[in-house]
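Per TrEMBL, these features apply:
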{"type": "TRANSMEM", "residues": "22-42", "note": "transmembrane segment"}
{"type": "TRANSMEM", "residues": "48-66", "note": "transmembrane segment"}
{"type": "TRANSMEM", "residues": "73-93", "note": "transmembrane segment"}
{"type": "TRANSMEM", "residues": "99-121", "note": "transmembrane segment"}
{"type": "TRANSMEM", "residues": "167-187", "note": "transmembrane segment"}
{"type": "TRANSMEM", "residues": "199-221", "note": "transmembrane segment"}
Amino acid sequence: VDRDIDKDNPRTKNRPSVDGRISVKGMVIFSVSNALLFVVVSYFINPLAFKLSLPFLIILGGYSYFKRFSSLAHFIVGLALGLAPIAGSVAVLGDIPLWNVFLALGVMLWVAGFDLLYSLQDMEFDKERGLFSIPSKLGEKWCLNLSRLSHFVALMCWLCFVRCYHGGLFAYLGLGVSALILLYEQILVARDYKNIPKAFFVSNGYLGVVFFIFIVLDVGFKHA
């Protein structure tokens with residue numbers, strides 16, 4: 001979807017989807033076949049999974065268009081990834097309990113908060129192309145503050161998630177470690193935007209795994 005934009009962006013012009021290593025035809029075949037497989041598999045999981053499969057696909061496939069007309073694109077990509085815990089709950093439980101909603105909201109805001117930081121790299125390019133990223137429309141200060149607010153609210157959502165499922169010591173420890181990771185990430189980026197890739201690969205990229213491990217330990221010890 002973004003090939004025409006990415007080919008003019010110095011940061012993204014060497015991506016395989018842009019420089020010809022992957023053909024447009026190949027991408028279309030891969031995307032359509034996986035979308036069809038997604039719907040078919042959802043049908044065999046349970047009725048709710050099948051009903052939600054098309055709306056989920058629309059969000060997953062459509063968020064790339066949002067930056068062409070809305071600054072909410074950062075939160076749409078967050079929503080797309082926040083659907084993952086919802087989908088897991090629907091597949092396993094056939095339901096969406098309240099604790100799962102809080103978990104998903106936390107994921108959405110965690111991802112949106114980092115996407116806001118990540119978009120600082122393309123601020124000048126987005127201004128030139130008239131794209132609706134928050135840095136290009138509202139400036140760096142707004143972007144940084146919105147990212148911090150998103151991460152704070154994400155942590156509050158995860159706190160509600162832990163309390164809803166009556167989490168124990170390991171769950172709260174995991175929440176504390178996650179808060180430290182997000183704080184470290186924000187400090188790294190505030191010091192120098194050149195640290196944005198490091199903030200992702202060193203901290204943000206590990207947060208989900210770390211929180212998951214603590215939750216598994218918590219649930220395991222509760223049922224031991």
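Including glycine, each Cβ sits where the backbone N, Cα and C put it.
A TrEMBL annotation is a machine prediction, not a hand-curated record.
The list of residues near the transmembrane segment (73-93) in space but at least 6 beyond its ends in sequence, with Cβ under 8 angstroms from a Cβ of it, reads 45-46, 48-49, 52, 56, 59-60, 62-63, 66-67, 100-101, 103-113, 115-116, 119, 132-134, 150. When Cβ-Cβ distances below 8 Å are used as the criterion, the transmembrane segment (22-42) is approached by residues 3, 16, 49-50, 52-54, 57, 61 of the same chain, each at least six residues removed from its ends.
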